[in-house]
Amino acid sequence: MTLVAGIDSSTQSCKVVIRDADTGVLIRSSRASHPDGTEVDPEFWFDALQEAIAQAGGLDDVAAISVGGQQHGMVALDATGAVIRPALLWNDNRSA
């Protein structure tokens with residue numbers, strides 16, 4: 001059986017599904033929450049990704065991965081690529 005993974009990092013959580021590539025049958029899945037609010041430290045997203053992958057049994061037996069994520073957020077980086085402030089999410093309406 002060939003397994004494929006889908007990963008979705010939304011505003012609220014990171015979700016992982018592992019499916020049989022031939023039948024589409026769900027083999028295993030998991031979800032790890034993101035913090036509430038309109039600003040978030042991007043490190044939380046990475047932590048949630050790692051947690052969701054671990055809870056789904058890992059990816060060692062997976063042949064392919066597809067990733068989707070929330071958009072309309074901004075992560076500010078310095079010249080070295082380091083995060084300099086919490087990410088501003090799409091639901092921040094302070095400038096509306």
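Yeah, the Cβs are placed from backbone N, Cα and C, and that goes for glycine too.
Annotated site 'Important for activity' per Swiss-Prot: D8, in sequence order, evidence recorded as sequence analysis. Among the features that Swiss-Prot reports, substrate binding site is placed at Q71, H72.
Mapped onto this structure are the features recorded in Swiss-Prot.
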residue: D8; record: site 'Important for activity'; Cβ within 10 Å: 16
residue: Q71; record: substrate binding site; Cβ within 10 Å: 7
residue: H72; record: substrate binding site; Cβ within 10 Å: 10
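Cα of H72 (substrate binding site) to Cα of D8 (site 'Important for activity'): a span of 15 Å. Classification of H72 (substrate binding site) by DSSP places it in coil, neither helical nor stranded.
Note: the Cα of D8 (site 'Important for activity') and the Cα of Q71 (substrate binding site) are spaced 11 Å from each other.
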